[in-house]
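What follows is a short report on a single structure.
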């Protein structure tokens, strides 16, 4: 009985450790609000090559992010989407703070192609015009006061 209990405890610790790591990968670096981090990760008014564009994100996370989507629009335009009807987030049904864009935007999808080394993360890119769904929250006191509700998570593209 003792070996089974010990094995179960080890498995539980490993699972909790993995969940902790996964949660921390989605958190904003401490110096940024969630909206600021959203903007860094997902807003790019002028398309750049993925390998170059991803450097800023990877620098703060100290790893090569596997994939990322850049919306080629403005932060203000995405804030306006936060005013659309609340929906359940397609990728996380426990959240109901998502909002569907009414118009398609040009975007770039970046996908890590090679074995990741933090000094040389190489990405392929795919361009498309798509709708998107963002999660929005009340602004942090460090966010611009003209935006009472701000995007904090790109949930999916459609």
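Just so you know, glycine gets a Cβ as well, placed from its N, Cα and C.
As annotated by Swiss-Prot, active site, proton acceptor applies to 42. Look at Swiss-Prot and you will find 153 tagged as active site, proton donor, backed by similarity to another entry. The substrate binding site feature in Swiss-Prot is assigned to 65, 66, 67, 68, 69; the stated evidence is similarity to another entry. The disulfide bond annotation in Swiss-Prot covers 50-110, 64-121, 82-136, 89-98, and the record cites similarity to another entry as its basis. The N-linked glycosylation site annotation in Swiss-Prot covers 86, 92, 111. The 3'-nitrotyrosine annotation in Swiss-Prot covers 60, and the record cites similarity to another entry as its basis. The signal peptide annotation in Swiss-Prot covers 1-27 and rests on sequence analysis.
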*Taking the centroid of the Cβ atoms of 65, 66, 67, 68, 69 as the substrate site, which other residues of that chain lie with their Cβ within 8 Å of it, listed in sequence order?*
54, 109, 110, 111, 112
*Using Cβ-Cβ distances, find the residues under 8 Å from residue 89 (disulfide bond) that belong to the same chain and are at least 6 apart in sequence, listing them in sequence order.*
95, 96, 97, 98, 133, 135, 153, 155
*asked:* I'd like the number of other C-beta atoms within 10 A of the C-beta of residue 50 (disulfide bond), please.
replied: 23
*asked:* Restricting to the recorded positions 50, 60, 110, 111, 136, which ones have a CA within 10 Å of the CA of residue 66 (substrate binding site)?
replied: 110, 111
*Among 42, 82, 111, these being the recorded positions, pick the one whose CA is nearest to that of residue 65 (substrate binding site).*
111
*Compute the C-alpha separation of residue 111 (N-linked glycosylation site) from residue 67 (substrate binding site), stating it in Å without decimals.*
5
*Give me the Cα-Cα distance between residue 60 (3'-nitrotyrosine) and residue 121 (disulfide bond), rounded to a whole Å.*
14
*Near residue 66 (substrate binding site), how many other Cβ atoms are within 10 Å of its Cβ?*
12
*For residue 66 (substrate binding site), just give me the three-state DSSP call.*
coil
*asked:* At a 10 Å cut-off from the C-beta of residue 60 (3'-nitrotyrosine), count the other C-beta atoms across all protein chains.
replied: 16
